[in-house]
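Comments concern the structure below.
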């Protein structure tokens, strides 16, 4: 050994090597000893004794210890904190617990929700340990952990546990509730009642709601104490009966099965006899119970899981004693272990699979999985995966997603034990983009795919280290940071230059750019908009719409140039810059560089704070030209304003900025104040506006300082570079307020610099200071809450559903496919989704600090069965043709459906005014050229013997078709307003020329009876003079009578005989077969509804106003509410372009009122323009304005409610009265048919007919669906004098029988007495001696005694009977 050492000492290299070896051995041995000691210590810590409860500190330590020991399968995290700040610990147990893996369904157990129910807390800790220690040892546990994502929360109420006391079996010592004394199992949103709790009082519940919604669990168990039973949904009912009411869910059989799995594996629970001291009589068959049948629990967690969370949950009561002695814990673990494991294993039953895009293969999230006959859908997770638990059987399953063609798979076999694999691939629907170009819409790739970056920012792009090949010892080199391509040219673009720029980029980047026009300026310049997105021509479901508008004031030009720069930046960097690519792929960005191109052309470069070019060519300030909430804007609405308003109504914009110049600040609503003062005017969404405003100002290096233009306005200061508009200065009629109040869009105004029209050389610095801010502001559209409101029955999106947020008095509505975006600042909110014909739904949601929270609503139809019909009475059957027509009505009612129909049937021909002779020839020509669909008849003649023509357009003209709705179009009641006459003639030609060519027009004509009366007052028309906007010449008929004051139905109201024109129309109206009438007149721009006569209230006013609004909303100007008619004092705003007729001009005897009262047909009057008799060249634009609105009436007449009334034998009942909401009446026609128009919502229908029992039904009317079809079957009226017929008949029969019997008795008695008297006196005469003896004996006794002795009579007299009764 010494020799070896000497040798080593002489060899330095060997000596060094030996030292290294020895050092390694020492360290290794030491480390091994340390590791052994550490493992030994850890082993001692994890030995479970099952004889003590863990308080919060113990529980935390225990769980952390287990997580540290088993990191490959365990991960400990907290989902939130309790009131007192304790963590809500959750142990996740699965293979690779730190990442999400597609294909593993999520399961959870929650314990100790009531703090004093403690067995669950301990049992779940034992379960955690059991799963971890047995993993890799037992194949059952290993498979369970490998294939399931298991989450276990031992204590949801740690504060309550700390207050509880061991041995308290009944909960007398408190601890059940949380630290705010709130019962956590009564604090969740409830389907029947409005569970109202302050979110701050139940942080535990709020954390659970977030967790449930985020994870999309498949199966769950909520562990309690106080009995031994498994309870399943529903936990409460609409009646809230205390006990005994079975509240059945759609998955009732499945819930019963799951509850049985737990109970039948529990030795005590399966007996059904808990024998709890507090309820010894309580028995549960098979150890399970329906929650509400046991006792009513509103606001419970298990129902919330089922209704809102994709998750099936049951509640397990584990022990009679809530907080038993710790000595009982081992027994409780032994009793529950197998049940807990067996229940988790049931997550494998039913059907599972993925849903993907058929074209791109992208996983589709939030797709509804619909199982026929089970009205409870669930949705796919972020990887497109779904897990639908089902019992063995055969099912028809459909995958439904807005924007995709639904895919149905029939006869899916579900077997015992293992889930059936069923994948779906959905094909995107093909829409028609603007201009009629077919476009296939694609869904975006899931941004939650771990392979996709979702938050990459161009300014903070990650880089990776690349080793140098030259020298391994050299420091690592970093590749150059990605730099986005910046705009190259900076100059001022006049109109022609701007137009060429836009056309260039539209041509160069067609896959992401769509250039379109929204209107024209006063000087006929196009108002261009550039849409930039991965699918720029259509609104994609779930993708928010964003817009920038600039150059509203023509001399404020910086915004115009910045937006052109932004177009170049987005186009050039798409596909290379991550931030730009993400924004373009997930947002549709609309950019309008110039709203006032006319003003720009007269503005001058170098203008600092001037006004030249500010206004449009009519010298109106466009930012003072919008309807205002506080004052009436008297200036005429300008074409640029009208174009923008119509644009905003056509696209569901979410966020917008209006770029101005003259200062450096972001200005947010409101822009004016009620009293016109310069003071803070707060909107309901003030916090949101401040947040988005700061998002811009903070990215501008100068703006956020708050001192914008010290050289020009020394005293001006804006904190953080933002300001409330009205606080700065009052701006009535501003665009940003109109956006907020009339659409879903939140808009702010951004002042970009102190100089309005800077020199071209300064433009690069404006881009540099604003480019980050422009992008950051677009990012703000991806904040708040988003989601889809869909029909629980079939998963289709519900358009125009209302999204309301508690304590924020501003609602938004869903887009065509049911998607919505609601901007909100971070926090917790109580949000409600509601829609006509559906039960509203409320829930809590927490908006994160970054990103958007997804919140979907699935609404249930009111009073509907699985087929969507009223459950009362027989239901009409539908053939494929009827379903196809209903689909057409829906398509024409939603989105751009009607607009596309108008564009596809464009007519370019101009047309003149037609006098009576030309009108008659034109109408005859229609019947000669289109005889198969037209029929012309005379209604009568005018004073001067001109024929009043009526043209019917139908596939069977002249034939009665009572099952089809009948609509009447009339015009020319005032001869000096002939525009309506010409519009109806053109409308008739339009319908005829498109019949057989356009499928939609053809089907509408086939399904409708259309009657057109173009000129009621032909004599007055002959007197009228063209280009006379205000002349009354021709206003009356030849007798000087205003025909619209001549319609009286009661003779007592009529002073003189009706005019011949009036009589002709009255006869037509009294036909009573019409569903709707539309009258065209002139002299204003408004739609009016009954009545013209002054009445205090109008029955069914909601429906009448709605019908008028349908016309106005489909007119490009009318719905804006600005009549702009200085000639007739109709100035100012008319809300939505609709008013009650009497408010416009009250008078008696109108055709509209007669139609309502005697024709039982609603009639609206449309005033088509301010000028009564405009020049002929204006007829073509007037036709363009009214074409869509007239077609909308043809669509609307097919809505409401329709049906047939018949008796039990099927015989139709003609003349039955249909009472709508207890007021308005319509009558059944031939065949028992009826049709009534109603506003969207719930309505009561009553049917009355002589000799039949009154019938009632409730119907739900939609704004976009075809008429609800019902069948009303009458029973014979069994009531007489209000009493049941059988009772009255029986009573009458009994009375008659009694009368007959009484009469017979009286007759018999009378007859008997009469015979006895005759017979008695006859005998007395025969026995004179005896008679003498009677005389003699009178003093000794009564005559009656003698007679009684002589002629024995067994009957008693009335007096004797009375006497006997008294005795």
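Cβ from N, Cα, C; glycine included.
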Can you check which of 1261-1286, 1287-1312, 1313-1338 TrEMBL lists as transmembrane segment?
1287-1312
If TrEMBL is the reference, give me the range from 94-127, 128-161, 162-195, 196-229 marked as region 'Disordered'.
162-195
Between the candidate ranges 839-861, 862-884, 885-907, 908-930, where does TrEMBL place the region 'Disordered' annotation?
862-884
For which of the residue intervals 366-404, 405-443, 444-482 does TrEMBL record region 'Disordered'?
444-482
What is the Cβ neighbour count of residue 317 (active site, proton donor/acceptor) at a 10 Å cut-off, with all protein chains included?
26
Please spell out the DSSP helix, strand and coil residue counts for the region 'Disordered' (162-195).
5 helix, 0 strand, 29 coil
Confidence summary (mean pLDDT) of the domain 'Peptidase M14' (491-781):
93
Residue 751 (active site, proton donor/acceptor), number of other Cβ atoms within 10 Å:
26
Distance between residue 751 (active site, proton donor/acceptor) and residue 317 (active site, proton donor/acceptor) at the Cα atoms, whole Å?
64
